[in-house]
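Asker: Below you'll find the structure I mean.
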Amino acid sequence: YYGLPAWDFAYRQIMAWVIGTVLMLAFAFAPLEKLLSRPVALGALAVTWVLLLIPYFQPEVAQTHRWLRLPGASLQPSALAKVVLPLALASVLAEMPVRGREQNRHLVFTGFLTMITAALVYFEPDLGTTLLLLGTATAMLVVADTRPGALAAAFVSVLAVAVVGILAEPYRMSRILGFLSGTTYQVQQALIALGSGGLAGRGPGASVQKLFFLPQPHTDFIFAIAGEELGFLGALALLFLLALIVARCFVAATRAPSRAAALLACGLGFELALQVLLNVAVCLHLSPAKGLPLPLISAGGSDLVANLVALGLVLNVGKEGS
């Protein structure tokens, strides 16, 4: 597939699962207070910024700067940013007072950290992940009991970035127009895949749409393939399992040993939920295509490892709280 050996995707995904599981266990039992300390959290974010910058000085891959090339492998730093930014924001917002000038200082610093990270991802270019990061930061501001005026500014900022990002690139505008007119080829093929699955599906591995009819069947539109092979019941079961994982994040937040830990679990839980909702919404023609993978399911080693690390942090929060 795509000129690669038949088992290439499976091999890469298995290796990502192995590495991700090891890291998940490591972060699940790491000292939570140290991870959430400002020096560690902000240091990790600074390293992430450097990793996001390096691809800009390397040759483009598919006209983007999303990949950091390493000997024998490649890394997508934006996947790391989806874990490290909530960690850094949790360490900062946990110390934010309810009101007064000190809150303003914390909010300005939070905005600085968020906008630098979002800008580095946006110019890769990757508008979908940029909006995901901004949305997660806004959700964490809500949980941190930020005053209404600052929240309104955050919401307006996210909306402004979305509008400017869409207008800045013709292909993004064409996606919006295609969504409104219902003529997007990928979505049409995704709906065909979902509809042909029926109640019980064609059976594992028996998808027809993935045979060069549906683009990106292993990443952006893998939910459509799951619906075709497993049927409505299988797709529903998959969403139920993902919902349980998201719910576990918020349960861990209620048992968190500190405010920073609660903010971290909420931020990661919201981010995971938003990725699931947006990916499924695209497949169901409820949202324009954004290029966001389905967490833990789509092919992609960097994203899978990052999600497993995020779950390791959530397990750590729940463990400390219990």
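Each Cβ is built from the backbone N, Cα and C atoms, and glycine gets one as well.
Pulled the feature table from TrEMBL, pasting it below:
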type: TRANSMEM; residues: 14-32; note: transmembrane segment
type: TRANSMEM; residues: 39-57; note: transmembrane segment
type: TRANSMEM; residues: 77-94; note: transmembrane segment
type: TRANSMEM; residues: 106-123; note: transmembrane segment
type: TRANSMEM; residues: 129-144; note: transmembrane segment
type: TRANSMEM; residues: 151-168; note: transmembrane segment
type: TRANSMEM; residues: 230-251; note: transmembrane segment
type: TRANSMEM; residues: 263-287; note: transmembrane segment
type: TRANSMEM; residues: 293-317; note: transmembrane segment
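How buried are these features, and what lies next to them?
Answerer: Counting only same-chain residues 6+ beyond the ends of the transmembrane segment (14-32), those with a CB under 8 A from a CB of the stretch are 257, 261, 300-302, 304-305, 307-309, 311-313, 315-317, 319-320.
Sequence-distant contacts of the transmembrane segment (77-94) (same chain, six or more residues past either end, CB-CB distance under 8 Å): 35-38, 41-42, 44-45, 48, 51-52, 54-55, 66, 68, 106, 109-110, 113-114, 117, 120-121, 124, 126, 129, 132-133, 136-137, 140-141, 144, 258-261, 263-264, 267-268, 271, 300, 302-303, 305-306, 309-310, 313.
Packing against the transmembrane segment (129-144) from elsewhere in the chain are residues 78, 81-82, 85-86, 89-90, 93-94, 96, 107, 110, 114, 117-118, 121-122, 150-151, 154-155, 157-158, 161-162, 165, 262-263, 266-267, 270-271, 274-275, 278, 290, 292: each is 6 or more residues past its ends and has a CB under 8 Å from a CB in it.
Sequence-distant contacts of the transmembrane segment (151-168), counting only residues of its own chain at least 6 positions beyond either end whose CB sits under 8 Å from a CB of the stretch, comprise 111, 118, 122, 127, 130-131, 134-135, 137-138, 141-142, 176.
Long-range neighbours of the transmembrane segment (230-251) within the same chain, counting only residues 6 or more positions beyond its ends whose Cβ lies under 8 Å from a Cβ of the stretch, are 194, 197-202, 204, 223, 265-266, 268-269, 272-273, 276, 280, 295-297, 311, 314, 318.
Counting only same-chain residues 6+ beyond the ends of the transmembrane segment (263-287), those with a CB under 8 A from a CB of the stretch are 36, 82-83, 86-87, 89-90, 93-94, 128, 132, 135-137, 139-140, 143-144, 179, 182, 184, 187, 190-191, 194, 220-221, 223-224, 227, 239, 242-243, 245-246, 249-250, 252-253, 256, 293-295, 298, 307, 310, 313-314, 317-318.
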Asker: What else in the chain is close to the transmembrane segment (106-123), if you only count residues 6 or more beyond its ends and a Cβ gap under 8 Å?
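Answerer: Non-local partners: 42, 45, 48-49, 52-53, 56, 65, 78, 81, 85, 88-89, 92-93, 95-97, 129-130, 133-134, 137, 141, 146, 150, 154, 161, 165.
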